Amino acid sequence: MGSYKLGVEVINAYNLMPKEKGSSNPHVELEFNGQKFRTTVKEKELNPVWNERFFFNISDPSSIPNLSLEASIYSINTERNSRSFLGKVRLAGTSFVPSSDAAVMHYPLENNIFFSRVRGELGLKVFLTVDPSIKASNPLPAIDPATKIHPQKQVLNPKPNPARDRSGGPRRTFHSIGKEAHNQHEHCPPATVSEEPVKRDAGQFKCESPKAKCESPKFANMCSRAPSKKEAEYALKKTNPSLGFGQIVGGQVIHAEKPSTMYDLVEPMQYLFVRVVKAKDLPESTDPFTELKFGISKAATKQLEKKPNPEWNEVFAFSHECMHSTILEVQIKDKKQEKDEYIGRVRFNINDVPMRAPLDSQLAPEWYRLDDKKEEKIKGELMLAVWIGTQADEAFPDAWQSDVANAAADASVAASPHVRSKVYHAPRLWYVRVNIIEALDIEIADKDRTPEVFVKAQIGDQHFRTRKMKSRRSKYFWNEEIMFVAAEPFEDQLVLSVEDRVKLDKDEVIGRVTIPLFKVEKRPNGADADKPKKDAADGDKAKKDKPASRIHLRVFLEGGYHVLDESTQYSSDFRPSAKQLWKPAVGVLQVGILGATGLLPMKTKDGKGMTDAYCVAKYGKKWIRTRTMINSLCPRFNEQHTWEIYDPATVLTVGVFDNCQIGEKGNGKKDAKDSKDGKEGQDAVIGKIRIRLSTLETGRVYTHSYPLLVLQPSGLKKMGELHLAVRFSSTSFVGMMSMYARPLLPKMHYVRPLMLFQIDVLCHHAIQILAARLGRMEPPLRKEVVEFMSDVDCHLWSMRRSKANFFRLTSVFSRLFEAGKWFKAICTWTKPVASVLVHVLFTMLVCFPELILPTAFLYMSFIGLWNYRHRAQYPPHMNTKLSQAENADPDELDEEFDAFPTSKEAEVVKKRYDRLRCVAGKVQMLVGDVATQGERIQALISWRDPRATSVFVLLCSVAAAVAYVTPLRVVVALLGFYTMRHPRFRQKTPSAPATSSVGCQRE
């Protein structure tokens, strides 16, 4: 533990606030975990440069997320023997990164008190290291302002060795630190904590009101009007599952007598665990394996050839449903013996097996003497560990599971990695910015033609090229920027090739350069993007080598952007790539995946329908996959997972799939003969749901069944229901409220915004990279699963989506349209009482204009309080009417599911093209009408119609004179009363300015 160090490099500061005689004598004081260090004093300097390094001891790495580093700048006044505060920087422990990922960051200085004036920035490089050769810096005595103090320091090398800094040695990732930081929220105590599974006996529960205890969790109940039959089928349904802390019955919380574990959002499931470690003193010529028998379930370890002292170290989990017997029998067999023969056995009575809580340490295995059929002790021993636990046990995910094996035709399927639950951490994605400036000393072999030179850039499967330059000179200038997507660890290379277009379909390579991405500089923010940089190609090395051709460029890894790898409407993370820019977590999301009901058969085997269902949940960089329940249309998963929340304006996505990768004897071949959905060999989609975290109340448990709705070429279809228990807890109320005052995306998206077409292309590449990386894990998360969860095809044209977006836009402006109708009714005196009241209110606001803004804000607050009664009591789900999924035309759905490019016949494509032309024609007419009205207004002052412009100018002059001599309140009152005048004083035809043309025609 003592080898952990926090390194801080104080680089420089600039634009500091002058304190005396237009200058300052600044120095920096660092404080971390009770340790203080300071730099030297720079005399009369507003842009000081220190380049000093300090190291702090870290006694407990698990406490790093709760610590903070504070760097304060003071100015020494030698005449008054005092010092002045110039600003400070405070960094949370969650932003500390390993030394390999560290980069220089310039932080704006903050005030110490409210009335203090500060300005400028401080450049720091903060990193974690475990190098035992590094010692902590020596603490220094208090500074004396009357003297010039130069404390002991380590000065940075102004020219670091690139070979040493970018070596290919092993990278330290600090998994333990990250794990502790993650667990600080994962182990937040719930309202009711349990250590044992809840028993379902009615006598062991006590009933009390939810208000009896303040620490009891709140539950969301769905209260709505009586829906129609179709709406009820597609709506959420409240459930009353028996969770770890109790059950909900009739709106009351039934608590268990004994508290459960931290696994409190799922139904507890008991398992008998057996860990077979090894055996010894077996006969020499045996090929041993171990067979376990418990009730109707059987399991066996792998076979080892001629091993008298075999080692297996395998875990088996027998579910409570299989406990039809009280005897567990473990036999050691030889594959050469007959079926009923065995070398020796060990028997256990489950009534004597101990219970193990999930938070306890692992149970120590024990040696047991073997018995023969006569129950006499023989030579040979077997090391076992037997205990009773739940699915929260740490050995459960990798254990052989009886409920999976009993449902499968082949019991060996339970040992396949494709059926086990796993947690995947997606790699961090970075944008690679390549600024191709120019190419020098380009020589073309063919001197008789004008070359067309361009630069082709490639990273992996991403290809981009610059524009072609025609010139006979040896210098070509582009100054174009190209953006790529790269993932950590950076294994790819940036390949740049200067090529010449010789023929229409032939390009000739003039030169090529390869740059490994791990050597590219990381730029956490774009502060230095526009500052001049020295070009290495123009230095002494270029003069000595004198290459035949050179290319001048800038390459950066942009860490200030968030790499969009999913649909922006349903994004689960908005953090930038650079970890130094991450803010502390503001909450914890806990999701209990209970199970599914009413699933449809996705494939057939031996004439029978079956489904091998599993769930995938995605939030941020963490993906989870539940275990696969074999041949079950009502699977029970009962798995709980936790995510840290950095922004409440994000979305959790949960998908259900049919596992088509389970092969006979684990060979990966498909069991089923026919799949009803998806391509052969691909996991079929069952459904997907989304939960927007901003719609969840903190501390509330939502237990609902979500309908799995899938849009197919035949129409909307319900594939089943997914049962979830969701709880969103806030760890920092102030931090969460402050998130609503910040922009959604990181700062770089607004300082140097990307083009819309760039975002679409980069998002597509990011999804492909993410699918490739997750597909390399074991078991792999398949590409079709990643693409479905990330909405890879959301940008493609769809008539249904276009209609849905139009109605969404109409719904947004519906209040404005309603206000227009209401004002029209006031002006036409449809309701005389309301019109009189509006006239009175209008007169009061004209006489007292200072009441306009308070009245408007008070009205908005009243509307918000009034709508509180009609707030949703459950998370919103898919609106089948608004999305046009219920009444979509079959041909439109067939077009939506068509491949790109299309694979349909020419007649079908022609029909759809004509339909698209009709829609585009209407849009064209609408845009033309809007442009016509705009041109009519412009024509009033453009003298296109001299008479209309003359009248307009004359009226404006008269209006200016009248407005000058008339008080503004009188003008506003007259205009208002004229607009709301009684119909008796109105003409049936509209006014001339609203209908007359000013000579403007469409062009």
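Cβ coordinates come from backbone N, Cα and C, glycine included.
Note that TrEMBL annotation is computational and uncurated.
As annotated in TrEMBL, region 'Disordered' covers the listed stretch 524-546 rather than the other ranges in 156-178, 179-201, 524-546. Sequence-distant neighbours of the transmembrane segment (951-978) (same chain, 6+ residues past either end, Cβ-Cβ under 8 Å): 839, 842-843, 846-847, 849, 940-941. Taken together, the residues of the domain 'C2' (1-107) have an average pLDDT of 88. Secondary structure counts, DSSP: the domain 'C2' (1-107) has 12 helix, 57 strand, 38 coil.
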